[in-house]
């Protein structure tokens, strides 16, 4: 079929060339003397080239062409881009499954709480088997049939598309703004510049939050940053047909951003290492997709693989959670009985552990198909795919959509092995986590290569597969601690923190001032108390410096605060009073915080 299509297009191209050559011979006699033959030949070459481009095709939705970039006021190029994504969204409208899951769970479901990847949860791993996971979210045969058809139709439809030439170029960072998230995005940008990162930043302003003129036109350009909009890639009439919300904006930021190499960040996620060279580092260069882990094991419904048409070999174990290096015979008593083995350890499945998508690195040339399928999962996430992927697990949302899409296409990716860290504070009620700590993927990959070499030497060489036996002394925890996790900052296998995902509370001065959240026994308290973990970067102090300077001293207008406070001088005084008091407290306690006191 593909050969026939190509022959047809070649025939059309040859035919049009013959016609144009004929026109050239005829019109050459009558051409204006001011038009040279060279100029006419150049025009002919351009026309033939444009026709060739128009009818060039690929069965791979992720194919990319090498042509002139289409952004930066290239009106014709932008129209091509809008046409491409208009087709994508038309397919989304036609192919999305109808209705929604009732989110009813079978009484036999054993998922009564989140299952982590620490030793105290190992006793619960049988609950993650295909047999047990299939007893949770209830999906009827008709629903499965409908989901299967819609998934197949969408995949087939986007496979017919060829992205416009130069759709994405360069490298940079994107996040989602709008409302309070624009203010938080600005805090991220200031952190990036504090760290010496010079990569450009794009902030997606959702359709309902447009109008941040001062922020977009005056503040951001000073920091090599700018606002982008859904209307950059979609016609207005298409936008009006969709209701976007929540996690779906991240998928939109991914495709709307102009960068080929993209770091997609949540607006409350602060990079605390220089990032300018991250796109030149392994494993990003070879895979084009790097993700980070969550705290929890994967709980994807087995029926997802049926819906997506993914073959799962239930007789072949290929890993033990994050350990995909040690031979399965070492940690599996009976390779012929995998009935209690976690589903995600089987060949063909999405690997453990679950994904935390507060940061994502993606090459959109290599992984355009991943981006487009994850868009489908996110558009249909609240109705179907979020519960199918997570089944009541914490953080249900877009987090599994990117890795699932890459896994579907068999595209390469790397998920960081180092466990997610936690930062927070203690009070009379116990420990309160305020941030997730995600680690340096380059260092992590170096530890992974060390693990491959060490384990390869132990089990490789002259040993046959039959000679490798079950080892009762094997431990996933030992594997993890030996090669990746070590709280000793000076240990050879220590991996630096790269991102502080400050998920609760967020650095929103209005909410913080209203709740008086960061107090203990009526006194101000620090929420980040282990600064050595983060190379002594005092994130609270630095962010409140920015808030004080831009909100209270310079009075830069942020639409979120302007809409909330308006002309109410009393409210402005209260909010800025909180900011200045908090800043004074953080400055006075900085040295003690660095010392760990």
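We count from 1, first residue shown onward.
Backbone N, Cα and C atoms are what each Cβ position is placed from, and that goes for glycine too.
Model, not experiment: these values are computed from the prediction.
If you average pLDDT over the topological domain 'Cytoplasmic' (1-12) in this model, you get 39. If you look up Swiss-Prot, you'll see 1-12 marked as topological domain 'Cytoplasmic', on the strength of sequence analysis.
Residues or ranges marked as transmembrane segment by Swiss-Prot: 13-28.
Residues or ranges marked as topological domain 'Extracellular' by Swiss-Prot on the basis of sequence analysis: 29-597.
Summarising the annotation, Swiss-Prot assigns N-linked glycosylation site to 34 (among others) and lists sequence analysis as the type of evidence.
Within the same chain, the residues at least 6 positions away from residue 363 (N-linked glycosylation site) whose Cβ sits under 8 Å from its Cβ are 260, 261, 262, 279, 284, 288, 289, listed in sequence order. According to Swiss-Prot, the feature N-linked glycosylation site maps to 363 (among others).
Taking all protein chains in view, 6 other C-beta atoms sit within 10 angstroms of the C-beta of residue 473 (N-linked glycosylation site). In the three-state DSSP scheme, residue 473 (N-linked glycosylation site) is classed as coil. Sequence annotations record features per position, and here Swiss-Prot assigns N-linked glycosylation site to 473 (among others) based on sequence analysis.
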- Message: Need the DSSP three-state call for residue 363 (N-linked glycosylation site) to compare against my parser.
- Response: strand
